[in-house]
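Following: one structure in structure tokens, then a few remarks.
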Amino acid sequence: MSNSSTSDLLKPFKLKTKQQELLIRVSILCLVYILAFITRLFSVLRYESMIHEFDPYFNYRTTLYLTQHGFYDFWNWFDYESWYPLGRIVGGTLYPGLMVTAALIYRLLHFLRFAVHIREVCVLTAPFFASNTTLVAYFFGKEIWDSGAGLVAAILIAVCPGYISRSVAGSYDNEGVAIFALLFTFYLFVKAVNKGSLAWGLASAFGYFYMVSAWGGYVFIINLIPLYVLVLLITGRYSMRLYVAYNCMYILGMLLAMQIRFVGFQHVQSGEHMAAMGVFFLMQVFYFLDWVKHMLSDTKLFQEFLSITVTCAVAAGGIALGVGAASGYISPWTGRFYSLLDPTYAKDHIPIIASVSEHQPTAWSSFMFDFHILLFLFPAGLYFCFKRLSDATIFIVMYGLTSMYFAGVMVRLILVATPAVCLISAIAVSATVKNLTVLLRSKNKVAQIGSTKGTSSAKASSKASLDQSQPFQKNGAMALLFGAFYLLSRYATHCTWVTSEAYSSPSIVLAARGAHGNRVIFDDYREAYFWLRQNTPPDAKVMSWWDYGYQITAMGNRTVIVDNNTWNNTHIATVGRAMSSYEDEAYEIIRSLDVDYVLVVFGGVTGYSSDDINKFLWMVRIGGGVFPVIKEPDYLVNGEYRVDKGAAPKMLNCLMYKLSYYRFGEMMPEYGKPPGYDRARGVEIGNKDIKLEHLEEAFTTSNWIVRIYKVKPPNNRW
Amino acid sequence: MEAWIRARVTLALTLFALLFFVSRSSPPRQFVISNAERRIDLSSHIINVHLTLKVENTGTRPASEVVLTLTPTEVDHLAMVDALAIKGKRKKTTSVRLEVKPTELPDAPPIDAKYFTIYLADPLNSGESTTLEVLYVFMHFLEPFPAEIAQSESQLVFYHDTALILSPYHIKQQTTFIKTPSTKVESFIRVEPTNRVGTEIKYGPYEDCPPYSISPIHVHFENNSPFAVVEELVQEIEISHWGNIQVTEHYTLVHAGARHKGVFSRVDYQSRQFSNGASSFRYLLARLPARVHSVYYRDEIGNISSSHLRTNSLKSELEIEPRYPLFGGWKATFVIGYGLPLQDFLFESSDDKRYLNFTFGCPLIGMVVDKLTIKVVLPEGSTDPSPVVPFPVEHRLEAKYSSLDVIGRTVVVLEKKNFVPMHNSHFQVYYTFNPIFMLAEPLMLASAFFMFFVACVAYIHIDLSIRK
């Protein structure tokens with residue numbers, strides 16, 4: 001009785017199947033949206049709401065400047081606090097997308113009367129955009145396969161470690177918004193190709209504009225899309241839809257991209273962008289030929305015309321390229337581009353690129369770490385894609401294959417491959433699960449029909465015969481489904497573990513376990529930077545290795561000689577040379593650069609291994625690349641890098657060694673080991689009696705991680 | 001060194017001027033001080049001077065205004081002057097607080113001096129006498145000499161004063177005791193009879209000193225107590241009628257002692273704590289109200305992890321450590337913030353007003369504050385704010401926009417210069433507030449969400465396509 005009355009009451013709220021499906025889909029998407037955001041908050045909960053690592057500090061500083069001084073001042077900002085004495089034209093040498101986005105969010109929140117600090121906005125920008133990326137992944141998946149694949153793609157990308165590594169809260173870097181922009185541009189372009197509408201083409205042009213404003217990785221888009229178009233042309237899939245989409249996207253996207261000062265006229269002048277232009281002209285030739293074919297009825301005549309036109313077009317293109325390159329109008333490919341195509345190029349020619357750990361070729365373990373089960377779902381997804389080829393699946397296959405190659409070349413490009421891998425794996429998961437469930441459900445239905453109505457129709461009998469042919473199908477499908485769920489749950493566990501253990505550390509604050517299992521925090525970086533900020537003259541110039549440049553200007557508010565924007569190799573080499581010279585020679589260089597303080601990072605007391613002594617060989621290499629006086633073998637003993645008694649004499653007396661180990665010989669960092677025992681390298685240092693002549697210790701942090709030396713004025717000569 | 005010489009020259013000149021005028025015209029005074037005892041405590045960088053005066057009315061008419069005299073340099077560094085009248089005999093003494101105001105004397109001799117008048121509660125009849133206790137508190141009065149020291153040296157400072165109390169009255173007998181923090185006294189000027197025992201130097205007793213007589217002295221001694229000075233403290237007290245008071249304190253802390261010179265060596269600082277950096281300091285203690293919650297301690301570049309909070313039912317103590325030890329001349333800025341339950345501090349007065357009753361002062365113990373600004377942020381919609389502070393402060397009104405504010409909150413700003421811990425006392429801010437305003441923000445949020453859902457429903461039901 002009561003049951004029926006409640007069901008009567010609920011009748012108006014009863015949903016049709018389609019509405020139910022929509023409700024489920026929307027709620028899953030909402031949950032995924034929230035999940036993508038909160039899984040990136042480990043670092044905020046475990047540490048604090050702070051900016052991580054190196055580059056984000058520059059982005060934060062510029063965003064602060066943007067919100068305080070307005071857009072025009074930001075655009076015209078000449079920063080005299082970095083690259084002393086050269087300075088840096090900030091407005092013309094950065095991708096402003098990230099800063100403008102954060103500033104707009106900040107303005108919007110303040111307009112809505114939410115009194116938030118700009119730092120909180122910056123910290124949460126990356127998770128927010130990661131959440132948006134899941135939505136884009138859903139729509140993209142829906143476009144290339146079906147809404148089920150879209151949902152799976154959204155879930156996979158929400159927790160995929162390859163993406164989380166660059167988008168945790170606090171990792172306020174270009175990649176945070178750029179991956180969103182990249183995937184969004186691709187989605188809009190694929191949509192434009194599928195629909196052939198100008199509106200979607202225009203939208204993709206704007207998506208491309210946002211991507212260009214956000215990250216230098218836009219070069220990937222401007223090369224992948226022409227490649228995709230070329231493949232479609234070759235496979236005979238040329239259509240009017242493609243023509244409209246590509247032309248609209250390329251022309252408008254190019255014009256919009258030129259508005260970014262850092263990019264400027266590169267779209268028409270640089271070698272990296274020429275592929276897009278070539279394909280653009282090829283497209284016109286194709287259209288022209290199509291038109292001629294339409295007009296000419298004689299196929300033989302058309303064949304001849306075709307050969308002449310193609311020859312002429314190719315020749316004209318080749319001559320134009322040759323003349324452009326020879327006259328210097330078209331700049332050749334940059335070293336970074338070469339290093340992508342040839343992984344060994346950077347090691348031989350550009351040590352400064354090779355010195356960054358995230359530019360190293362990827363190890364298998366990090367693929368496994370970042371993709372987990374996606375790594376073998378990826379080929380399965382490719383199989384499904386090839387089985388159901390369409391314009392959209394061709395695109396995702398090409399995106400997946402090219403980005404996987406780049407991910408193999410450089411560790412940090414795993415990030416670019418992640419959306420493609422997630423989408424393709426989602427197709428695999430979705431298609432498999434769908435097939436299996438269809439199998440299960442259809443059998444049930446047959447059984448039901450059989451029991452209620454009996455075997456009456458021919459349809460049912462045919463299905464029953466199908467059942468009989470595969471007797472273990474139901475069990476097999478069940479087992480496979482459970483297997484899939486097991487794998488996916490392992491994936492979720494793995495992702496959460498990786499996020500919490502590996503990718504949520506700010507690297508400014510170091511945490512370790514103490515002897516009693518308690519958490520010990522080493523906050524030495526900020527101690528040193530804050531000391532610089534408060535207790536040195538405001539115009540003091542600090543020399544350090546370039547890794548710490550952005551942090552010193554952002555947190556210490558002091559002028560630096562070199563920083564992470566490694567635009568001037570000679571300047572960096574000069575610093576490298578100073579660090580690897582004897583103190584007298586180094587003093588000359590330091591005086592010539594007008595340096596007041598020298599900052600080194602030293603991990604010998606705490607066992608912190610990414611310190612300056614371990615980076616020192618790169619300083620030698622980069623310094624030696626410009627100044628041949630510095631020779632790497634002088635610092636090595638039989639090709640071995642050591643700091644103990646057996647170290648090379650030049651090593652034991654160079655400035656970096658002296659500054660790192662000054663008075664360390666009196667120190668007993670570990671019980672039961674001799675004084676001067678370096679815990680980072682596990683040896684007793686070779687030179688314990690270090691005297692400094694031209695520099696004096698100004699500050700050393702409580703765990704010795706950062707040491708700052710003051711440069712003494714020159715001695716009186718009389 | 002130079003500054004010291006200049007100070008001596010000025011003092012000498014003042015002395016000559018004084019003597020000149022004293023010999024020419026000594027204005028008739030009603031009072032005579034029969035006995036004066038002065039105790040000067042130099043153990044920290046806040047100098048307390050306790051002056052016990054036995055005042056006798058030798059005039060013919062009853063009088064109630066007793067004049068105190070200070071030199072201009074003393075007035076510049078004066079943080080506080082307080083006077084008590086002692087009534088009754090031994091053991092049954094009661095003290096009454098008296099009003100003290102800076103005044104100009106109409107018949108003052110043209111010398112460089114500033115005057116304060118104590119207004120006695122009852123006029124003193126002719127021939128009667130009373131005992132007054134005066135407390136002066138000076139800040140920034142000790143001069144480090146040498147002005148720059150290395151890490152291993154200890155801090156030596158100068159204290160300048162006169163052995164005789166500067167007064168417009170005739171003093172029959174007077175004694176001065178100077179207490180130094182340790183027995184290490186480099187030098188001091190003797191004005192016989194002078195006697196030094198342990199950490200105390202005794203000047204006097206001197207008999208029958210005419211008005212305005214002085215005798216300059218200095219003491220050069222070791223003082224390694226932390227010269228911690230808050231250059232500026234901005235305390236923001238935000239009242240929310242939903243049950244919370246949020247306090248945010250912005251500090252600019254500086255070590256105002258002898259400047260640090262040359263090397264800072266971590267090895268020496270870590271291994272030889274006592275002989276090295278004796279005048280530096282690392283730990284600060286803040287005494288916060290009881291039932292404090294959500295305490296944080298951070299600065300411009302993030303959280304500072306070195307702090308400990310101890311709470312009990314009566315008080316909370318927050319031990320904080322700046323990012324680095326502070327040596328002479330080093331600075332640190334930081335922010336302390338905490339929440340407090342509203343019912344402990346907000347009360348309703350009889351005339352339908354509400355008032356906040358809060359401590360006027362700096363929670364850091366033993367801290368001198370050069371400029372203290374207290375901002376009381378009243379809830380949105382409150383009117384007629386009026387502060388009540390036991391000592392003179394500057395005050396003005398501001399507006400502040402916090403989350404979801406439309407018309408802005410009224411902020412009562414109170415400013416006080418030269419603040420010392422002895423000032424710590426309660427102050428009140430009265431205002432009227434209609435509780436209906438509390439609902440404004442929740443209603444705004446609710447209506448915004450409602451509009452959003454209505455828009456969603458409308459979007460689903462409206463067909464916007466052009467072609468059918």
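Cβ from N, Cα, C; glycine included.
Annotated features, as they stand in TrEMBL:
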DOMAIN    A:26-424  domain 'Oligosaccharyl transferase STT3 N-terminal'
DOMAIN    A:541-598  domain 'STT3/PglB/AglB core'
TRANSMEM  A:22-42  transmembrane segment
TRANSMEM  A:89-109  transmembrane segment
TRANSMEM  A:121-141  transmembrane segment
TRANSMEM  A:147-164  transmembrane segment
TRANSMEM  A:176-193  transmembrane segment
TRANSMEM  A:205-231  transmembrane segment
TRANSMEM  A:243-262  transmembrane segment
TRANSMEM  A:274-293  transmembrane segment
TRANSMEM  A:305-330  transmembrane segment
TRANSMEM  A:367-385  transmembrane segment
TRANSMEM  A:392-408  transmembrane segment
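Model confidence over the domain 'Oligosaccharyl transferase STT3 N-terminal' (A:26-424) stands at 91, taken as the mean pLDDT rounded to a whole number. Nonlocal intrachain contacts for the transmembrane segment (A:147-164), taken as residues 6+ away from its ends with a CB within less than 8 angstroms of a stretch CB, comprise 25, 28-29, 32, 35-36, 39-40, 130-131, 133-135, 137-141, 179, 369-372, 374, 414-415, 417-419, 421-423, 425-427, 429-431, 433-434, 491-492, 494-496, 498-499, 502-503. Listed as Cβ neighbours of the transmembrane segment (A:205-231) (distance under 8 Å, sequence separation of 6 or more from its ends, same chain) are residues 95-98, 100-101, 174-175, 177-178, 181-182, 184-189, 242, 246, 248-253, 256-257, 259-260, 263, 267, 272-273, 275-276, 278-280, 282-283, 337, 394-395, 398-399, 402-403, 406, 416. Within the same chain, residues 222-223, 225-227, 229-230, 233, 238, 243, 246-247, 250-251, 254, 267-268, 302, 305-306, 309-310, 313, 317, 321, 330 sit at least 6 positions outside the transmembrane segment (A:274-293) and bring their C-beta atoms closer than 8 Å to a C-beta of that stretch. Helix, strand and coil counts from DSSP across the domain 'STT3/PglB/AglB core' (A:541-598) read 33 helix, 8 strand, 17 coil.
Same-chain neighbours of the transmembrane segment (A:89-109): 59, 62-63, 66-67, 71, 74-79, 116, 118, 121-122, 125, 128, 172-174, 176-178, 181, 210-216, 260-262, 565, 567, counting only residues six or more beyond its ends whose CB sits under 8 Å from a CB of the stretch. The largest share of C-beta pairs under 8 angstroms with the transmembrane segment (A:243-262) comes from A:176-193, of the ranges A:22-42, A:176-193, A:392-408. Within the same chain, residues 15, 126-128, 130-131, 133-135, 138, 147, 151, 154-155, 157-159, 164, 167-169, 495-496, 499-500, 504 sit at least 6 positions outside the transmembrane segment (A:22-42) and bring their C-beta atoms closer than 8 Å to a C-beta of that stretch. Within the chain carrying the transmembrane segment (A:121-141), a Cβ under 8 angstroms from the stretch's Cβ atoms is held by residues 29, 32-34, 36-37, 40-41, 44, 49-51, 56, 59-60, 63, 98, 101-102, 105-106, 109, 147, 149-158, 163-164, 166-173, 176-177, 179-180, 183-184, 186-187, 190, 419, 422-423, 426-427, 430, all 6 or more beyond its ends.
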